[in-house]
Amino acid sequence: MALQSEEKLEVGYSSLQPKTRKWVLLMLRVLAFFATAAATVVMGLNKETKTLVVATVGSTPIKASLAAKFQHTPAFVFFVIANGLASIHNLVMIMGDLFGQKLDYKGLRLAMIAILDMMTVALVSGGVSAAAFMAELGKNGNSHARWNKICDKFETFCDHGGGALIASFAGLILMLIISVMSIIKLLIKPKPDSTIVVP
């Protein structure tokens, strides 16, 4: 049974040459970095101010300037923090792949990378899920709880938030693939060298 599972592992990602595997993983990390960084920047700069009529006294409208900012919603703040941390994680892993090949302590490097990748997937998943829930609430409201929708008044704010969500979901999918590849890399045992060197 164990032999069959090892054979299955050797068919996909592991059947690639080690150098090709390294570059595939590196390119996925670069794409994930750009996706999560874009989500962080777009949501972090998301703000819209509008002047709306809030009441009418006689025939005179009373206007007020209202602002929609990502800081007003804790779920969006968590989204920015989660994607920012994922961007930093990916940047550190890219630097480690390029320059840190000799930084391995008793073979723990691959295990730590796999654990950190899984933690990052969980963090981004939580952030994007919370933000998606609040975005849906802002778009459609909730008539049972008497929460009004705001996207009919702050269209640009909602459009930018939607773009940030798309980028973050793309980053999450890439991070899931990276996490699977890290675990496979951890499980694959290097094949023993069959050449014998005689001194």
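Keep in mind that glycine also has a Cβ here, set from the backbone N, Cα and C atoms.
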Answer with yes or no whether Swiss-Prot records THR49 and ARG109 within the same membrane-side topological domain. no
Intrachain neighbours beyond the transmembrane segment (23-43), with Cβ under 8 angstroms and 6 or more residues off its ends: 13, 16, 70, 76, 79-80, 83-84, 86-87, 90-91, 93-94, 97-98, 124, 128, 131, 160-161, 163-165, 167-168, 170-171, 174-175, 177-178, 181-182, 185
Tell me the residue counts in helix, strand and coil for the topological domain 'Extracellular' (134-163), as DSSP assigns them. 16 helix, 2 strand, 12 coil
